[in-house]
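Below is one structure; the comments refer to it alone.
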Amino acid sequence: MLLANTAAAVLLLIVCIGASVGLPTVDEENVVQAEQLPILPTADSSKPTDDTVKAIAPQPRYLLPADFAVKNKKFTIGTLGVGSFFRAWRNCIDEGKGLATIESEKEQKYLESLLKASSTGSNYWIGATNIGASNTNKLTWITTDLPVQTKPPFLNVVAKSTCIALTPTGSWTLRNCLNPLNIFPYICEEYF
């Protein structure tokens with residue numbers, strides 16, 4: 001049963017990563033600015049004709065950061081038990097949230113205090129992983145597919161299939177995503 005669940009989780013991850021690889025990334029070079037759009041002549045330059053509208057090819061859509069227009073983030077300890085990294089990711093989704101991303105020192109400090117106060121003595125999954133990365137030392141947030149920019153400088157990720165958990169003191173620790181013995185509670189985030 002555990003092997004079947006692990007295989008299903010790996011298959012789900014491969015499908016999700018495959019889908020996200022096909023999306024172009026957002027950076028200043030590939031975002032079309034308004035002044036770059038072609039200006040086509042029309043019979044009456046105050047309003048475009050149907051031919052003008054058809055002549056302007058639709059621009060590709062880009063994946064924008066998940067917090068594009070969001071003001072506040074709230075962290076919660078997952079309520080659906082413990083599990084593997086992929087189960088934690090799925091559980092957060094089932095709770096209507098995402099697996100936690102840490103995007104500032106302030107968020108890191110908050111989570112450290114939250115975990116110290118919980119005193120469970122357990123690690124907690126967050127959304128950082130190198131699965132799907134071309135360089136094993138590059139982590140991305142599984143929730144947003146954006147690069148992790150808050151990685152502690154001492155953290156040296158060298159193995160493939162690495163996921164990050166927070167220790168009971170809030171420090172980052174490396175864990176093999178595919179090891180069935182790595183079963184932890186998890187931290188979710190939600191925006192409001």
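For all residues, glycine too, the Cβ spot is worked out from N, Cα and C.
Around the Cβ of C177 (disulfide bond), the same chain contributes S84, F85, F86, T129, I131, S161, T162, C163, each under 8 angstroms and 6 or more positions distant in sequence. Residues or ranges marked as disulfide bond in Swiss-Prot: C163-C177.
Residues or ranges marked as domain 'C-type lectin' by Swiss-Prot: 71-186.
Look at Swiss-Prot and you will find 1-22 tagged as signal peptide, backed by sequence analysis.
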Cβ neighbour count (within 10 Å, all chains shown) around C163 (disulfide bond): 29
Secondary structure content of the domain 'C-type lectin' (71-186), with strand meaning DSSP E or B: 24 helix, 29 strand, 63 coil
